[in-house]
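If you look up Swiss-Prot, you'll see Cys18, Cys21, Cys40, Cys43 marked as Zn(2+) binding site. What Swiss-Prot lists as ATP binding site is Pro123, Thr124, Gly125, Ser126, Gly127, Lys128, Thr129, Leu130. What Swiss-Prot records for 6-59 is domain 'ClpX-type ZB'.
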Amino acid sequence: MADERSGKGEDSGKLLYCSFCGKSQHEVRKLIAGPSVFICDECVDLCNDIIREEIQEATTSDSSDRLPTPHEIKETLDDYVIGQTRAKLALAVAVYNHYKRLRYEDKKGEVELGKSNILLIGPTGSGKTLLAETLARLLNVPFTIADATTLTEAGYVGEDVENIIQKLLQKCDYDVEKAQKGIVYIDEIDKISRKSDNPSITRDVSGEGVQQALLKLIEGTVASVPPQGGRKHPQQEFLQVDTSNILFICGGAFAGLEKIIRDRAEKGSIGFSAVVKSQLSSKSVGETLKDVETEDLIKFGLIPEFVGRLPVIATLDELDEAALIQILTQPRNALTKQYSKLFEMESVEVDFREDALRSIAKKAMERKTGARGLRSILEQVLLKTMYDIPSEQDVCKVVIDEGVIAGESEPIKIYKNSEQAKLAADE
């Protein structure tokens, strides 16, 4: 039998076996011969997987050894998010200090450094989520988005706060070590504000109750998370995840917060240096939000303990027409570049005229949806064209002007070797 396994019986027609897994030549697709040894295709695949994993781990550790500086973090954010300089600076410094703190603690330093979680305040579509996503991609750490409106206190219908950590674990294939250095973005945090200043007999399970549940998670605790989530398999051994090194970024529009800030400023303005009321009301929402203080957030409905866990507050400005046009054209993932690429795959060039871009920006401002509304406008405008183009072989260019955005005309299609189409394009 030993002779058969080593392949000595090759000439005599005896069965050949893989020297590694012991499978016969009939059990595998291919058996590769070497000097007195054989290896099957399955073992070759396994070896490739092992080598690939080791290379990937080595590359990841090399890339994560160097922490990007605040300047480099801001430059990367500039590639994807237009404007919002103040928020970018605050995020760059906070994130840099957070991961610097992790490295310092790994070396068992004498001074204990606190965690700087972040609160982003800004209108819908101003770039809060995109900033958090870009940070996670740059730092190559696990990232998850949680919706605060779906969270409830433990024991009530809805998601428990531990589900947030569950989602983070899923992003890194349940690697606890990686998850403990991840970033969690909790969206719509303003929607879990306390419903009223007065304590109520009925429990506020989706408002103040959620804030209380999030307190320890954000500050740092050891959360018990089942490997496959939920409570369906109580016999499973729970994973212990320490959240003290997870960076939490909370974001919300905080509609009405600017009024609370103005009211506070008016009450405090007495004497010769007082700010005139008309000056306060003439300030934009973005400018007013710059002056936000802890007491304003507490009056809005966040409990003091929760606000205390979010020491870094960054406010984002409303996007004006010029900023929306820049968003359409400048970032790496600009919508005009994305649609141009889609048309390019059909060997068609797409030309967005300047007046069309202005018209798209105006429409988005009217809808009050910020940058998020730009894609839906473009999808609506280009739907019929994207439906027709794959079936039309001779189209070489599509021109989008102001009339197309307003719904007054169809996109101009320029055909190969068509004089009429060329004249139409010139007009």
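Cβ atoms are placed via backbone N, Cα and C, with glycine included.
Locations of recorded Swiss-Prot features on the structure.
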residue : record              : CB count, 10 Å
Cys18   : Zn(2+) binding site : 23
Cys40   : Zn(2+) binding site : 24
Cys43   : Zn(2+) binding site : 18
Pro123  : ATP binding site    : 20
Thr124  : ATP binding site    : 15
Ser126  : ATP binding site    : 27
Gly127  : ATP binding site    : 29
Lys128  : ATP binding site    : 26
Thr129  : ATP binding site    : 16
Leu130  : ATP binding site    : 20
May I ask for the distance between Pro123 (ATP binding site) and Cys43 (Zn(2+) binding site), taken between their Cα atoms and rounded to an integer number of Å? 56
Compute the average pLDDT of the predicted model within the domain 'ClpX-type ZB' (6-59). 81
What three-state class does DSSP give Cys40 (Zn(2+) binding site)? strand
Rounded to a whole number of Å, the separation of the Cα atoms of Cys43 (Zn(2+) binding site) and Gly125 (ATP binding site) comes to 51
Would you count the other C-beta atoms found within 10 angstroms of the C-beta of Cys21 (Zn(2+) binding site) for me? 13
Please give me the CB contact count at 10 A for Gly125 (ATP binding site), counting all chains in the structure. 23
Other residues, Cβ within 8 Å of Pro123, Thr124, Gly125, Ser126, Gly127, Lys128, Thr129, Leu130 Cβ centroid (ATP site): Gly122, Gly251, Leu316, Gly370, Ala371, Arg372
Rounded to a whole angstrom, what is the C-alpha distance between Cys21 (Zn(2+) binding site) and Lys128 (ATP binding site)? 53
Centre the Cβ atoms of Cys18, Cys21, Cys40, Cys43, go out 8 Å, and tell me which other residues of that chain have a Cβ in range of the Zn(2+) site. Ser19, Phe20, Gly22, Lys23, Val28, Leu31, Phe38, Ile39, Asp41, Glu42, Val44
